[in-house]
């Protein structure tokens with residue numbers, strides 16, 4: 001049996017695999033904001049990124065290791081392919097963290113070996129001990145992943161895992177890379193690994209999975225029953241293609257059905273000890289932060305964090321809930337941090353009151369950031385009678401999107417009506433050369449006119465592929481949250497903004513998306529799975545040194 005920590009370890013990969021979602025690229029400040037919130041949430045491991053991908057990715061992982069990693073905080077992990085330069089870059093990036101981990105991987109399925117790596121099984125059996133040993137010479141905590149494990153030959157998989165553990169791996173990760181398996185198959189795979197790998201008791205078994213068939217969470221729960229003790233997941237289930245296993249769904253399944261799962265951890269069914277270290281009351285806030293910063297809306301019927309997760313439309317259901325919530329609800333909404341708290345903040349509220357409420361909500365802002373947030377609060381309070389927690393969340397989440405901006409919106413004005421052509425006048429500041437330019441454009445509607453004017457000013461080729469708007473709170477004076485997604489060279493970039501004027505919000509969201517596009521082109525990142533490991537700069541060395 002694999003090493004058992006006595007509970008489930010939550011490995012969050014929102015900042016690495018989650019960021020690989022189309023349009024979900026994040027800047028440094030956004031990654032830091034999410035990392036801080038993940039630490040408050042109580043995750044055991046934060047996979048902060050893929051340091052070798054680009055200087056920007058390296059810097060982000062390094063900064064998270066420096067300011068989020070701590071003796072009492074989460075382990076800070078970086079991803080590295082089974083290559084000396086990848087592993088070295090990963091080590092240098094995570095080095096400031098007191099608790100650090102190198103996560104290295106190589107594919108083990110025949111389809112990946114033949115068509116992607118162009119390597120033989122013998123090649124892999126040589127690379128694994130060499131690269132895991134090299135990583136072990138740098139840090140003690142080593143995670144090794146057998147990419148596409150669920151489609152690998154089991155006997156070869158056992159051999160690779162045994163070699164990795166012998167070479168120093170302390171966690172063995174079993175990915176269902178393409179979301180191919182069913183729960184019974186995945187559970188059996190974990191059971192068979194426990195049974196057939198002689199030294200498996202020296203490592204923790206981890207699982208990683210994608211949601212291509214909608215089975216990722218179910219697969220993970222079955223894996224946990226069969227000995228997996230680390231679950232790799234993302235907030236809101238974001239990730240490549242159909243996404244990853246959802247952190248909030250996994251955690252709440254283990255929380256609500258604890259009496260069922262306890263026996264698989266050697267506990268009595270009525271044991272009150274939590275199965276994870278997650279502070280569940282932070283789930284909703286974390287979900288909203290990730291949604292706002294990535295520009296990826298949460299579907300209304302999403303389990304746990306969707307807008308309809310605790311809503312009841314049927315009269316029969318409403319009657320039952322009014323009499324006793326347990327009739328139709330298995331989770332108390334307050335358990336995941338969802339409440340109806342409406343605070344008495346308005347235009348007469350002072351800086352200290354706003355700071356106190358933000359601190360109660362878990363936000364730790366610097367003096368400069370607090371000043372900026374308070375200025376935005378006062379601006380909003382002049383237009384909105386009551387400021388709610390959701391309004392404050394929108395203010396703070398939008399604020400961290402401001403760094404790395406080549407373009408800043410200075411002024412927007414629109415003219416439209418049933419008998420006139422929608423016309424927009426937009427003034428934009430270029431922060432690189434400190435110039436200010438104005439353009440006028442006509443569109444099919446006010447938002448289209450604004451986007452046409454911005455395109456004329458920026459001259460950045462793009463295609464608008466999504467525009468969505470939703471109300472943050474109730475009331476005619478509510479903030480409107482706008483999400484815009486644009487495409488350039490088959491890559492998608494998201495922008496998000498909130499304002500009581502949805503046209504202004506749309507303008508800011510479009511500018512945010514354009515800024516992401518501009519800075520993404522400067523990063524020139526590589527992909528950990530799709531880019532060629534045989535590039536000379538990625539070449540595996542025969543005698544790796546520190």
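Glycine is no exception: its Cβ is also placed from the backbone N, Cα and C atoms.
Of the residues 17, 44, 57, 433, Swiss-Prot places 17 in the same Mn(2+) site as 208, 210, 244. Of the listed binding-site residues, namely 208, 210, the sparsest CB environment within 10 A is found at 210. Neighbour density at the Cβ, taken as the number of other Cβ atoms within 10 Å, is lowest among the binding-site residues 17, 244 for 17.
Report note: the Mn(2+) site is defined by 17, 208, 210, 244, and the residues of the same chain whose CB lies within 8 Å of the CB centroid of those residues, excluding them, are 13, 175, 177, 209, 216, 232, 233, 234, 239, 240, 243, 245.
Under the DSSP three-state reduction, residue 208 (Mn(2+) binding site) is assigned to strand.
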